[in-house]
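What follows is a single structure, written as structure tokens, with notes after it.
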């Protein structure tokens, strides 16, 4: 009897020990296990030539008009984009416009510059746990539809998308919806070449939208680029089509269990509406009126931020998702399963009240990285939203571990970028709608004009770091005064002023007598 009890106790102890070990291993490794099977450790990016002697602030080169909007692409052959290994685009979606379902071969990060809308992303194998009610009724009965999660978009949102994940966007707001997006074609998740590719599941978009403005014939494209021709309007180009167009209609009909007539409709052979179509019969979420009123009140608070309430509103970016999770009975835990494959958070808001750095006389900086949007750990991307007031300065610094692709969202200002040779490869005024790439380790400084200066910067690292040259947390403060004095050939008193004259952190207020 005693032997049997001892044996049972030993077996229970062994099972408990293995369970604890498994739990510990899960907790210590959950940050390294991407849910869709990517490698455990971030892989090196595709290396590109970065012999940049001169940079230019760029405007979009290719424009493609659709039925309910337009899509613009920056020239991917520009040296600065080749260096960073990225493509850059902008969607302008009219009211009731639908950006057709599509996916890309590389991770994407986009920013809502203007307007509001609805975003849906479909992860393979995840259940359709959400319901919406259609405005169209059949036999006087409302039709309810099950689907995967929908996300509200509003100005200032940053949204992340893994490679190969299909998504769509609908403008249900009262004004135009403008999105700017960076596609990281140099990311290891993209196992094709470093050319932009967009795969549409529906419609018949122009070929240029599918290829990011690039021509099918590389030689033709290079010749056109050398001649300096600007392709502003390409709305009539054909040859895009969707991925279903290439299948035989009878095989497509068998796969979906439909007749061939409907299968041919899926292939959209005569559809010339483009990539953004008008959604005649939209849909609204439950309690739409109450939610709209809440959004309007929230907008009033953001226009007049109360900094003393910052602690209460730090989680604003994810409160909607958290409410939905509580409604379905989910709870966060410390067992390494905080974010499962199907409940992954893709969106982060950047309201004024959640800024990482704030200077009441200078402006604010808000960072979106893997700490506040964990999916970025697997995409190896991050973002920075900057707001500078009249004549304020963003401290001179360099990006330690990432390229920074800067898009100007409001106002104007001056940006200076310096290479390893101590040469200014960019020193110009920039304004809304322009893009400039700051290569890794190149020193940069930004100064706002009289109208202020705002930007969104996409960075090619999940936790991009900067090293400041001036300010309270700069490299100058970390060097001994004698090292500074001898390095620059100045007196100790001058070195002390160099170290301590600026007590602000990253955003500097304008000094009296300073000029643009």
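Glycine is no exception: its Cβ is also placed from the backbone N, Cα and C atoms.
Ranges compared are 168-206, 207-245, 246-284, 363-401, and Swiss-Prot records region 'Disordered' for 207-245. Per Swiss-Prot, the listed range annotated as region 'Disordered' is 286-342 (candidates: 58-114, 286-342).
Per-residue confidence over the domain 'Cupin type-1 2' (348-496) averages 96 (mean pLDDT, predicted model).
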